[in-house]
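Sequence annotations record features per position, and here TrEMBL assigns active site, nucleophile to Cys326. The S-adenosyl-L-methionine binding site annotation in TrEMBL covers Cys197, Ala198, Ala199, Pro200, Gly201, Gly202, Lys203, Asp220, Asp253, Asp271. Residues annotated as domain 'SAM-dependent MTase RsmB/NOP-type' in TrEMBL: 97-399.
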Amino acid sequence: MALLMETRLLLRKVKDLRCLTQKRHRVKEKWASTRIKHPATGLALQNFDSIYSGQLGLLWPSVRAALLSERKYGALLNNYGHDDVQAELQAKGCKDFPSDIETEAQPCLEQEPAVAGEEESSHVSVNKSDLDAQQHPALQLSPNIKCLVFPRGDITRFKPARPDMFGCLGYYLMDAASVLPCLALNVQEGHNVLDLCAAPGGKTLALLQTKSIGFFGINDASVSRTTRLRKVLHSYVPKPLLSDEKLRITTFDGTKWGEIEKNTFDRVLVDVPCTTDRHSLMENDNNIFSKNRTGERRRLPQLQLDLLLAGIEAACPGGEILYSTCTLSQIQNLSVVEQAIHTAREDHGIQLQVVDLRPLTHMFRKTFDFAPDLPLGEMVVPHLAANFGPIYMCKLRRLT
């Protein structure tokens with residue numbers, strides 16, 4: 001018995017028993033069978049559970065269930081097509097949500113920014129409860145942007161769009177909530193418009209449907225994503241329009257746009273790269289939560305701030321900027337906008353006015369679920385009955 005105990009103690013002291021095994025019998029350790037795998041989707045879910053449970057409170061369980069379920073799509077009608085697909089889709093029970101609105105919309109309210117020097121802190125704190133009661137002209141929506149959706153609770157899928165006799169597809173399938181930033185941008189006849197982060201092209205295509213743009217600058221920093229954007233446009237827009245000098249597609253670093261074209265555009269859409277919450281939970285490919293993209297993910301808020309500031313500089317005095325993401329993260333949404341307002345005033349001498357988008361949320365509350373009591377901007381939150389989003393948006397106006 002004593003001999004057996006001594007043998008066990010000896011074996012415990014030996015850290016690597018391979019030295020006692022003949023070389024020809026040694027087997028290399030296989031990581032795949034010994035190390036626990038952590039897929040990017042699982043890491044994303046862990047991250048969201050720890051952050052959004054505190055941010056959204058009791059709302060998070062329902063939002064979580066919706067994010068992990070199949071998303072719902074809308075069909076953005078292509079006004080450059082020649083087939084009457086709208087009647088065909090309406091016969092299946094679809095409704096054009098931009099025209100299916102609440103008629104008693106609230107007046108548009110706006111926030112006058114603090115004058116430079118009055119704000120002591122490093123951030124600007126803007127709360128919608130403090131908005132002035134001053135009334136402004138009602139929010140105007142382009143009648144040419146049409147997006148059909150199935151009713152709440154109906155999870156019917158759209159069939160792929162068919163090309164017409166000229167090769168243009170009848171509709172573009174996208175998250176219907178992604179149309180809201182384009183509607184909120186309120187493009188008017190002859191406006192010069194910049195889409196700073198345009199790929200993959202859904203919002204670009206929605207803005208083109210207005211048929212009101214005087215000059216359209218379309219940009220994305222990624223060459224591969226710009227190539228995909230061009231393919232989308234060629235599938236929906238006639239070639240003469242794409243070759244028009246009033247439309248320009250570029251691949252520049254969007255953060256430097258203030259150095260390229262300053263004080264130029266009436267409307268600027270800044271749909272920044274983000275953690276793309278729904279994709280991060282559903283797809284491991286190209287997932288921002290992959291371990292080899294940790295640094296890129298941590299740099300996102302700074303990139304988003306730089307892009308928004310560039311968009312603010314690109315807008316002309318009196319012009320409007322729409323900042324949007326597809327994440328629930330306050331750090332990428334509210335915090336970026338607050339910091340941009342402060343930096344624009346302190347470093348660039350640009351005063352900004354926050355445009356209240358509550359009239360927009362009031363109009364479309366039958367179609368989408370919106371986050372309650374957001375201090376700045378508006379956000380569509382996913383819900384199982386209306387599984388759109390998430391989409392965050394905040395609208396700013398440059399003062400003269």
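Using N, Cα and C of the backbone, Cβ positions are placed for all residues, glycine too.
Quantities reported herein were computed from a predicted structural model and do not represent experimental measurements.
Sequence features, as recorded in TrEMBL, placed on the structure.
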residue	record	Cβ within 10 Å
Cys197	S-adenosyl-L-methionine binding site	21
Ala199	S-adenosyl-L-methionine binding site	25
Gly201	S-adenosyl-L-methionine binding site	24
Lys203	S-adenosyl-L-methionine binding site	24
Asp253	S-adenosyl-L-methionine binding site	13
Cys326	active site, nucleophile	22
Across the domain 'SAM-dependent MTase RsmB/NOP-type' (97-399), average pLDDT on the 0 to 100 scale: 89
Where the record names Cys197, Ala198, Ala199, Pro200, Gly201, Gly202, Lys203, Asp220, Asp253, Asp271 as binding S-adenosyl-L-methionine, the maximum Cα to Cα distance in Å: 20
Rounded Cα separation (Å) that holds between Cys197 (S-adenosyl-L-methionine binding site) and the residue listed as 'active site, nucleophile': 13
Rounded Cα-Cα span from Cys326 (active site, nucleophile) to Gly201 (S-adenosyl-L-methionine binding site), Å: 15
